[in-house]
Amino acid sequence: MDSDMDYERPNVETIKCVVVGDNAVGKTRLICARACNTTLTQYQLLATHVPTVWAIDQYRVCQEVLERSRDVVDEVSISLRLWDTFGDHHKDRRFAYGRSDVVVLCFSIANPNSLNHVKTMWYQEIKHFCPRTPVVLVGCQLDLRYADLEAVNRARRPLARPIKRGDILPPEKGREVAKELGIPYYETSVFDQFGIKDVFDNAIRAALISRRHLQFWKSHLKKVQKPLLQAPFLPPKAPPPVIKVPECPSAGTSDAACLLDNPLCADVLFVLHDEEHIFAHRIYLATSSSKFYDLFLMECEESPCWGGGAGEEVPCRDFQGRTQSLGSAEEGKEGPQRTPQADPGASSGQDLPESLALQMEASGSEGHALSGWSKGFVSMHREVRVNPISKRVGPVTVVRLDPSMQSGPFRTLLRFLYSGQLDEKEKDLLGLAQMAEVLEMFDLRMMVENIMNKEAFMNQEITKAFHVRKANRIKECLSKGTFSDVTFTLDDGAISAHKPLLICSCEWMAAMFGGSFVESANREVHLPNINKMSMQAVLEYLYTKQLSPNLDLDPLELIALANRFCLTHLVALVEQHAVQELTKAAVSGVSIDGEVLSYLELAQFHNANQLAAWCLHHICTNYNSVCSKFRKEIKSKSADNQEYFERHRWPPVWYLKEEDHYQRVKREREKEDLALNKHHSRRKWCFWHSSPAVA
């Protein structure tokens with residue numbers, strides 16, 4: 001149907017609505033939202049403003065726009081024609097104002113100047129060109145009143161004037177101007193699709209009432225109401241912040257390989273057939289290989305008190321359990337003279353001369369014969385050695401290897417045990433496979449076979465299974481204290497740990513044990529203000545890079561300890577766990593308000609910023625209930641937190657004021673309508689004279 005036919009249809013009122021206002025206040029988007037049902041994302045709304053005008057000929061060329069222009073307001077069929085205009089003050093809008101039925105005057109609630117121009121420029125211009133045309137004042141961009149202005153300013157074009165908190169106009173500012181001009185006032189948000197129908201339906205009512213005064217014979221206009229009140233907009237609750245856990249740092253694979261090259265805190269020395277020495281660490285070897293686990297476990301059971309008697313000869317006994325056959329060699333009664341163990345509190349300056357170290361090596365006992373237990377080993381004994389990195393003396397387990405164990409493949413084997421990785425370009429794969437067979441490392445042997453068969457892609461699953469077994473063995477060693485070389489004394493007990501694993505997992509521990517601190521030489525380290533349960537959880541995380549699932553302790557205690565050790569990833573994991581537990585309790589109907597209040601400032605103090613943000617969100621979105629139960633606690637919070645509460649509380653203060661004003665004005669209008677209806681009923685009775693015959 002052609003648009004001209006709307007003018008000819010009986011009882012259809014065609015309304016020409018002109019939309020005016022400053023540039024960039026949202027006139028065109030408001031028109032498009034009504035005429036085309038356009039919805040925009042916040043990114044589109046914040047895009048660079050390009051002055052545009054919505055073309056009036058859309059009603060002629062677009063059937064959908066024409067259909068949407070038709071509506072029924074107060075039982076009156078209407079056809080709404082929207083006229084867009086440029087916001088430049090110097091433009092001539094005389095043609096647009098011609099024969100207009102209503103003018104919608106727009107300003108932005110984020111631009112105080114646009115509201116000032118309503119009084120100083122726009123209203124005067126409207127009354128100059130169409131003095132009898134009704135006007136409706138509209139505050140656009142309502143969503144900016146509750147938006148995150150920092151995010152909004154970041155999303156806008158670089159040279160745009162930033163929107164400040166003081167620029168946002170409260171509803172009463174627009175209402176005061178509307179009252180001064182004697183016109184109705186409404187607010188809209190294209191982003192939230194709020195107020196669009198209110199604005200144009202009430203603009204239509206204003207136009208129809210004005211027309212009714214001139215065309216009083218049109219009976220269908222008698223039911224038209226005066227512009228209605230607009231209920232205030234309740235902004236949606238802000239979504240809770242998502243706890244983001246950063247990418248897990250590497251599980252120490254590269255650091256472990258580096259530790260093999262720079263054997264800090266080494267407690268194993270392999271002696272090859274050509275007297276080449278390779279330092280290593282029991283905990284890495286034992287947790288990666290069952291063969292080495294049996295070897296070092298046998299050593300621990302043979303000499304459980306090695307730390308206190310470095311110079312004593314250790315008698316041999318038959319090892320029963322996991323080993324199959326172990327021959328024991330009796331030592332001579334006149335044992336070799338050994339250098340006593342250094343004082344644990346000695347400083348790093350107490351170094352042993354290299355000649356003395358060589359003398360200890362030359363005079364070392366053959367110890368336990370291992371040739372009958374494994375083809376790869378000859379003997380094992382203990383000595384006090386000088387660490388090549390720290391230059392400090394300490395006990396080491398000296399393992400002499402069989403001449404068949406070549407240096408190159410053995411170093412590759414050790415690197416695999418430390419990192420779980422095998423270089424496909426390794427030269428002596430055959431020698432490595434034979435060595436893996438001798439030491440019963442079947443996963444390494446399979447990986448070598450896959451590489452030789454051009455099927456290296458199959459090694460991924462083997463590597464994954466290797467790391468799972470290693471993690472389980474590490475957790476077992478942590479819980480039992482097996483192969484430990486340091487003990488942490490805490491407020492409520494002690495816990496054993498392993499320096500090599502700590503050095504590779506935590507920079508704080510690496511600085512303490514790898515530097516010149518006295519703790520690097522001590523087997524016992526005192527950590528004040530730490531309980532055993534929290535330290536156990538931190539150590540388990542450092543060993544496995546996972547948070548213990550059976551976490552039965554105060555999250556803030558663990559966060560405080562993780563922050564003390566500079567473990568940001570662990571802090572994020574505990575934050576996520578704490579939020580999950582709080583959310584679960586809230587869903588089950590348990591009040592978490594008091595717990596959240598107690599978490600807030602402690603989380604801020606210990607740099608748990610994500611947990612603090614979640615607590616702030618919970619308090620703000622439940623502000624009324626929290627404040628009613630914990631008013632003193634709310635008032636005791638820091639000034640910054642209280643300012644945040646006031647700014648982000650839900651419902652916001654401006655909404656509560658608007659709701660109160662709306663209810664008050666609504667009651668007043670209902671009283672006026674009731675009085676008006678009584679007045680009309682009295683007038684009807686005054687002109688009604690019933691005759692006795694009719695009665």
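Note that Cβ sites are derived from N, Cα and C of the backbone, with glycine treated the same way.
Swiss-Prot lists 1-210 with the feature region 'Rho-like'. Residues or ranges marked as GTP binding site in Swiss-Prot: 21-28, 84-88, 140-143. Summarising the annotation, Swiss-Prot assigns domain 'BTB 1' to 266-426. Feature annotation from Swiss-Prot assigns region 'Disordered' to 325-351. The domain 'BTB 2' annotation in Swiss-Prot covers 484-551.
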(request) Using DSSP, break the domain 'BTB 2' (484-551) down into helix, strand and coil residues and give each count. (result) 32 helix, 13 strand, 23 coil
(message) Most Cβ neighbours within 10 Å: which of the binding-site residues Ala24, Leu142 is it?
(response) Leu142
(request) Note the mean pLDDT of the domain 'BTB 1' (266-426), expressed as a whole number. (result) 69
